[in-house]
Amino acid sequence: MATSLKNLSDYNSDQLPDISGKRFGIVVAEWNKTITDALCKGAYETLLTHGAKPENIHRNTVPGSFELTLGSQYMAMSNEIDAVIALGVVIKGETKHDDYICHAVAKGLTDVALKFNKPVIFGLVTTNDEQQALDRAGGKHGNKGVEAAVTAIQMLALHS
Ligand code: DLZ
């Protein structure tokens with residue numbers, strides 16, 4: 001199979017390729033729902049801004065970030081999805097749960113991407129407290145959902 005590879009650095013957020021025919025899956029964790037909804041809104045609107053059709057953007061929710069891996073696999077295994085964006089917020093607590101979840105999700109999403117040879121974007125916000133998460137979900141540090149969507153578009157452009 002012939003593959004034309006381009007450099008990721010050929011693209012920036014103002015010069016993204018046409019995605020009008022691309023199909024996206026957004027998987028959103030319900031823990032910290034207000035914040036993950038803001039990430040999802042950022043990702044969804046970014047895809048629309050860059051030409052994706054609303055009917056080509058599919059959204060699924062999963063209970064918590066730990067479930068993002070399997071939720072993403074369900075999306076990635078579909079022939080009707082070209083790229084998956086996984087969104088969650090993990091806030092540090094008194095125990096090491098955050099470490100376990102974040103490592104599992106990072107490894108899991110990597111495995112899904114390689115298994116299905118599709119972009120599966122790691123849109124997990126991992127912070128020490130809720131304010132830091134809000135700052136990254138449309139606050140003073142931007143919106144990681146937007147970044148995740150741009151990354152998905154960039155990755156799709158690498159493999160045409
Ligand atoms: C259990 C748990 C905890 C303590 N914290 C978070 C969190 O900050 N963010 C998140 O998305 N999910 C959390 N969860 C839930 C786990 O991701 C998972 O849903 C449960 O352990 C069930 O597998």
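Please read every residue number as a count from 1 along the shown chain.
Just so it is clear, glycine is given a Cβ too, placed from its N, Cα and C backbone atoms.
Keep in mind that TrEMBL annotations are predicted by a computer and have not been checked by a curator.
TrEMBL lists Trp31, Ser65, Phe66, Glu67, Val89, Val90, Ile91, Phe122 with the feature 5-amino-6-(D-ribitylamino)uracil binding site. The (2S)-2-hydroxy-3-oxobutyl phosphate binding site annotation in TrEMBL covers Glu94, Thr95, Arg136. Summarising the annotation, TrEMBL assigns active site, proton donor to His97.
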Listed binding-site residues with Cβ under 6 Å from ligand 1, out of Ile91, Glu94, Thr95, Phe122, Arg136: Ile91
Listed binding-site residues (Glu67, Glu94), ranked by Cβ neighbours within 10 Å, top entry: Glu67
Residue from Glu94, Thr95, His97, Arg136 whose C-alpha is spatially nearest that of Phe66 (5-amino-6-(D-ribitylamino)uracil binding site), among the recorded positions: His97
Integer Å distance between the CA atoms belonging to Val89 (5-amino-6-(D-ribitylamino)uracil binding site) and Thr95 ((2S)-2-hydroxy-3-oxobutyl phosphate binding site): 16
Distance, Arg136 ((2S)-2-hydroxy-3-oxobutyl phosphate binding site) to Val89 (5-amino-6-(D-ribitylamino)uracil binding site) (CA atoms, angstrom): 10
Shortest C-alpha distance to His97 (active site, proton donor) - which of the binding-site residues Trp31, Ser65, Phe122: Ser65
Mapped DSSP class for Thr95 ((2S)-2-hydroxy-3-oxobutyl phosphate binding site), helix or strand or coil: coil
